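Encoded as structure tokens, the structure appears first; notes follow it.
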């Protein structure tokens with residue numbers, strides 16, 4: 001049998017050190033993932049379209065999956081401490097649920113990492129194909145979550161509780177499943193992530209930051225340069241206002257009105273409506 005957990009005959013000093021180590025990992029990991037969720041929530045409020053169509057939704061789901069895995073690990077330690085208060089049936093159910101939640105969350109987290117790398121890779125290497133994507137992260141994350149649940153459903157059958165341990169039955173089908181689980185949940189996504197991230201990093205910096213299609217996944221939001229854009233806009237508005245004012249004054253200065261001196265009805269050539277007002281208010285004289 002394969003035992004998941006700490007055996008009863010393990011030295012107490014090693015057990016205490018292991019508990020402290022995992023407790024430190026849970027605290028630090030929980031704080032960091034909570035901070036990631038807070039930042040993705042701010043991104044969703046600021047730009048919902050960028051959140052849905054970029055890597056924001058992938059990062060949010062990955063942080064949530066990591067929190068679920070950490071909480072399942074904490075529940076495992078609580079199970080080991082409060083094992084005497086649970087019946088054998090409750091122990092089995094608790095172990096099945098805990099192992100299923102842990103491995104499903106881990107698989108989902110790895111594939112979220114893969115999807116983020118895939119979006120960056122498409123944006124840098126194939127920008128035209130990237131612009132045709134619409135709500136792709138939602139579809140991909142849904143498929144990966146369903147696949148992770150189907151893949152880890154075998155744990156609901158082969159895991160059971162034994163005193164303060166969660167035991168995985170060691171049979172030939174279980175070993176085949178475990179090799180398949182490691183291949184799908186770790187080896188394949190890690191290899192693909194490594195390949196795509198290296199391709200993105202090796203891409204030339206000038207090409208990467210000059211392409212406006214990459215704003216959603218690589219460049220920093222324009223809101224962080226808001227002061228610069230405001231000053232630029234105000235300068236342009238002031239410049240155009242001065243140009244328009246000088247043009248208006250020049251047109252008024254060049255306005256021509258002509259009056260005939262014959263007894264025929266008076267003819268007037270007016271280029272600007274402001275001359276009509278001056279003609280009515282001023283004395284009757286000829287304008288040259």
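Numbering starts at 1 and runs along the chain as displayed.
Placement of Cβ uses the backbone N, Cα and C atoms for every residue, glycine included.
In TrEMBL, the annotation transmembrane segment applies to 20-38, one of the ranges 20-38, 39-57. With a cut-off of 8 Å on Cβ pairs spaced 6 or more residues apart, the transmembrane segment (177-203) and the transmembrane segment (100-123) reach 3 or more such pairs and are scored as touching. Taking the domain 'G-protein coupled receptors family 1 profile' (29-160) as a whole, pLDDT averages 88 in the prediction.
Residue counts for the domain 'G-protein coupled receptors family 1 profile' (29-160) under DSSP, split into helix (H, G, I), strand (E, B) and coil, are 119 helix, 2 strand, 11 coil.
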